[in-house]
Structure formats: C-alpha cells, structure tokens
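The structure appears below as structure tokens.
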C-alpha cells in the first residue's frame with residue numbers, strides 16, 4: 001500500500017474514532033465531514049470548507065478522500081482533532097452567542113468561523129466577555145407599505161429591555177418602541193433577498209409586526225443579532241430567576257419550523273381558494289398566514305393546541321370541497337373551525353403535516369395557554 005492510500009485510510013479511521021468529535025463538522029455540526037483544515041487540525045463539511053478557503057491566513061483545507069496527505073500532516077490531524085481544537089477556540093462562548101447549525105445561513109457560519117479562528121474571541125486567555133448593554137447603529141429597513149429599503153437608526157437599550165428605531169437620524173421621537181419581552185429575530189436571507197437579511201418580529205395590538213432589515217457588513221448584522229439575544233437573556237433571567245441559564249437559552253430567538261405557500265379557503269369553505277404565505281412558529285404554537293411573504297402584518301393566524309383539546313391535522317380535503325390549482329390538500333381542525341388548505345405538491349403536503357402534527361402532539365406550556373386564551377378568537381380572518 002502506497003503512502004497516499006495508507007494515509008487516506010488513517011484519516012478515514014480518524015474520522016470514525018470515538019471521543020474525537022471528528023464525525024461531525026467542527027463548525028456547524030453537519031454529519032460525515034469530507035474536508036479538513038490541516039492548519040487548524042479539524043474536520044469540516046463542504047459548506048464550512050468554502051468559508052475557510054476565504055481566509056488562508058488562518059486555515060488551509062484539503063479533501064479527506066481526494067487530496068494527497070503526507071505523514072506529517074496526518075500526524076498533526078491525529079494530535080489535534082475536533083474536540084481538542086474546539087476546547088481551545090470555544091473555551092468561553094457566551095451563553096447568548098448563537099452557534100450556527102448545518103442548515104443555517106452562510107453569514108452566521110462565516111462570522112462564527114471568523115470569531116473563533118481569526119478574531120479568537122472565545123479563547124480561555126482572552127478578555128472577559130460580558131453581556132452587551134446598549135447598542136446603536138444604522139440598518140437598512142424595508143418600508144411597511146412598499147418594497148423600498150431605507151436607512152434607519154436603531155437603538156438597543158438592553159437594561160431597559162427596549163429596541164427603538166427612528167426614521168430621522170437626529171430625531172428624538174422613535175417611530176417604534178419595541179419590548180424585548182415579545183421580540184424575536186431570525187435570519188431570512190432568501191425571503192428578504194439579501195445574504196444578511198434579518199427578520200425582527202414583535203407583538204403589536206394583538207398582531208405580529210414584521211421588520212425586515214439588513215446591513216452591508218456580515219459582522220455588523222450578526223453582532224446585532226447576538227446583541228438582541230443578549231438582551232433577551234437579560235430579560236428572561238429577571239422574569240424567571242428560578243430557572244437555570246441553560247433552560248432559558250433555547251427561548252432567546254427561534255426559527256420558523258416551516259414556511260411556504262399554500263392556498264386556503266374561508267371560514268364557510270365556499271370561498272375561492274387564495275394563495276397565501278404561511279409561517280409555523282412552533283414555540284408560540286401559531287400558524288400565521290400572509291398575503292405576501294414580506295408583509296408587515298399577518299392576515300390571520302391559527303393557534304395550535306394539542307390533540308386532547310380537539311386539535312388535529314389530517315391529509316386531504318373534506319368531502320365535497322375542491323381546491324383551485326393545487327390538489328394536495330390538508331385540513332387543520334380546531335375547536336372553533338376547520339382550516340382547509342392545499343399544497344403545491346405532495347412533498348410539501350407531507351412536510352406540512354409532519355410539522356403540524358409535531359406541534360399538536362407536544363404539551364402546552366403556561367405561555368401557550370396564555371396565548372390561546374387571548375388569541376383564539378382571531379383565527380377566523
């Protein structure tokens with residue numbers, strides 16, 4: 001066996017070795033990484049490899065299976081490995097800092113990788129990282145009633161639990177004052193049409209208000225995202241002092257479980273089917289629907305209780321009802337009414353059913369019960 005095949009075999013064995021963490025990407029956790037940074041000594045996935053290639057001063061990459069590896073580099077990989085390197089570069093990651101997963105957008109992965117290896121923000125011998133307090137800056141915000149993005153000043157007052165934005169740079173009166181209590185932030189790059197697109201949502205007069213923003217700098221928008229998470233953590237610690245920090249972190253921000261177009265009919269189920277954009281918020285157990293994906297407010301919402309309360313989702317349409325263009329139907333049953341929907345494909349239908357049934361089969365939290373009591377009457381729009 002030549003050096004090439006022998007070292008390839010050693011690397012593949014190292015990928016599968018127990019207690020190394022090598023079986024998953026060191027940066028996003030994707031399974032079965034096929035690439036490695038031989039300058040850092042870690043195994044990474046194809047997507048994260050693309051980020052590493054952009055920073056040759058901190059990382060150099062090779063394919064585990066296709067490139068040649070000499071003995072010294074293989075020994076370096078054996079001496080390091082994912083868990084050892086993560087222990088060094090992720091020694092002090094703040095609880096609020098979002099660690100991207102495999103399906104997250106590129107800007108989150110890029111800034112995570114740069115924060116770790118280029119800026120070395122989380123090493124044990126670095127400066128103490130504290131919760132960010134106030135933050136002020138400019139973001140490009142989409143207009144409520146049009147598609148134009150305009151530069152707006154945003155001010156985060158973490159201790160007061162408030163986010164404000166202003167239409168005038170020197171203005172004293174904010175256009176909106178947003179409570180951190182009801183705020184969520186999620187990257188929606190495809191929907192917004194910008195690689196740094198961030199969607200901020202909050203409750204206003206019983207509705208969900210959507211703000212769509214971006215910044216030209218990837219670092220700036222991710223810093224804003226993590227600052228909002230830090231402010232949320234401060235609020236939750238004060239609101240729930242008896243809960244450990246680890247139980248609060250999952251509630252800092254959340255992604256939609258599923259989004260996409262479906263067609264729906266009205267409450268009488270005789271109205272024409274109309275195309276609507278749906279977003280499933282599993283934490284608040286709400287299915288929101290919009291006329292367009294970038295609308296400022298939802299047209300309506302469905303609170304999703306659980307099976308014991310008479311909620312269910314099933315395949316197909318009620319007898320005698322036919323959809324418009326799309327034939328793959330599903331029906332959501334609530335104590336108040338049925339919601340009859342059609343999906344663009346059977347694949348989408350099954351994905352929606354799986355997501356909806358996952359929510360309906362989970363127990364309600366006290367927050368969910370409060371949401372149900374205050375919003376159940378709003379689902380018929």
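Numbers here mean position along the shown chain, with the first residue as 1.
Every residue, even glycine, has its Cβ placed from backbone N, Cα and C.
Mean predicted confidence for the domain 'Arf-GAP' (9-131): the pLDDT average there is 95. Annotated domain 'Arf-GAP' per Swiss-Prot: 9-131, in sequence order, evidence recorded as sequence analysis.
Secondary structure of the domain 'PH 1' (132-233) per DSSP (helix as H, G, I; strand as E, B; remaining residues coil): 23 helix, 45 strand, 34 coil. Taken from Swiss-Prot, the feature domain 'PH 1' covers 132-233, and the record attributes it to sequence analysis.
What Swiss-Prot records for 255-361 is domain 'PH 2', and it gives sequence analysis as the kind of evidence.
Taken from Swiss-Prot, the feature zinc finger applies to 25-48, supported by sequence analysis. A Cβ distance under 8 Å defines the sequence-distant neighbours of the zinc finger (25-48), meaning residues of its chain 6+ beyond its ends; these are 11, 15, 58-65, 69, 73, 76-77, 79-82, 84-86, 100-102, 104, 106, 109, 112-113, 116-117.
According to DSSP, the domain 'PH 2' (255-361) comprises 18 helix, 41 strand, 48 coil.
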